[in-house]
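Worksheet: the structure to be examined is printed underneath.
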């Protein structure tokens, strides 16, 4: 291996090797941002203006949806590249945290605007849909493509099992925070004849739980950034079987273990961060126009409003995290993939959801954490499936298919939801706001 030979070279040779690395400058960073994603950048330059023009000129909603969807995909690729550059300098934990934060900032802003308009059910639907999308769809594609590309027999990928268990443990905690208000609401409805009393109690419980979830998110940040920034305090690197100076990581295959060759960043850190911020802003504008075309798309394409509101919109809204996590898995960076996919779901549950509840309190809006028993039950099964698949610290493509199959099953259920249910009220609120 190249990394092993480098480690065994004399000091003089190592110094010469480092001097051969070209200096990263502003001009070289701009060139890298353009050349590394040239085709995607050209596509963004075409579809972003077209998407904006279609909404401005009042084109058919199907065209508005399609053009803005095509605009978000190349923008998500740029977000992926910028995040990868930052991760090379800061490590997968902070890199994944930055990506999840920038991706979820869009959802947080849109949720606040929807909350100001009184669309409480819209906000709840976006929260549940985003969690399901990240835990099942994104993680499923990560395991599937990471296990198949490149194809190797008996291949599996490894990741920090203790960090993964911390994440799944927090997911169980968030499920408990969502379950209590729903169960209390059902219990109070059976015991009291005054609906307003039930609403006020559930609201008070939700606000208390929101504070606990926010404190849990702060605790998670302390754990990731200070207590256990690289995972080595929980899962120490084990000595290499033939060379104790090397510790194993990366792809593990039967018959050998190898250390991945370290990549060097080709952009300045502040340039990558600026690219990350600007791309997120453009994605937010494109996503807003895309969401505004949903009503017309449903009528023109004869697609269920429930299916669009719960399944399709979260996929589009989280396109940045999707691209980053999947491409990282294909490069055998499973810790970064998990940090982006599961970390994004955790940010939605521990940060966005409680922040929206407290924002609603400040705006005098009755926003709570009661998502209904149906949605809460779906979330419970999702957490159960994900926990059962990642608890051993290794994965392969079949486990990816299991997660995707679970997402498809849930999608089928939402597709055939009857019209007079709690889920349909979400879409009806959206339609009412647009009329």
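Backbone N, Cα and C atoms are what each Cβ position is placed from, and that goes for glycine too.
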Problem set entry | 231-250, 371-390 - the range that TrEMBL marks as transmembrane segment | 371-390
Problem set entry | Spatial neighbours of the transmembrane segment (371-390) far in sequence, C-beta under 8 Å, 6+ residues away | 124, 127-128, 131-132, 135-136, 139, 143, 159, 161, 164, 168, 171-172, 175, 178-179, 182-183, 186, 338, 342, 399, 402-403, 406, 410, 413, 421-423
Problem set entry | Sequence-remote partners of the transmembrane segment (127-152) [C-beta within less than 8 Å, at least six residues beyond its ends] | 104, 107, 111, 171, 253, 309-311, 313-315, 317-318, 321-322, 325-326, 328-330, 332, 334, 337-338, 340-342, 344-345, 348-349, 352-353, 356, 371, 375, 378-379, 382-383, 385-386, 389, 395-404, 406-407, 410
Seminar exercise, completed: Sequence-distant contacts of the transmembrane segment (39-57), meaning Cβ under 8 Å and at least 6 residues beyond its ends, amount to 63-64, 67-68, 70-71, 73-75, 77-78, 282, 285-286, 289-290, 292-293
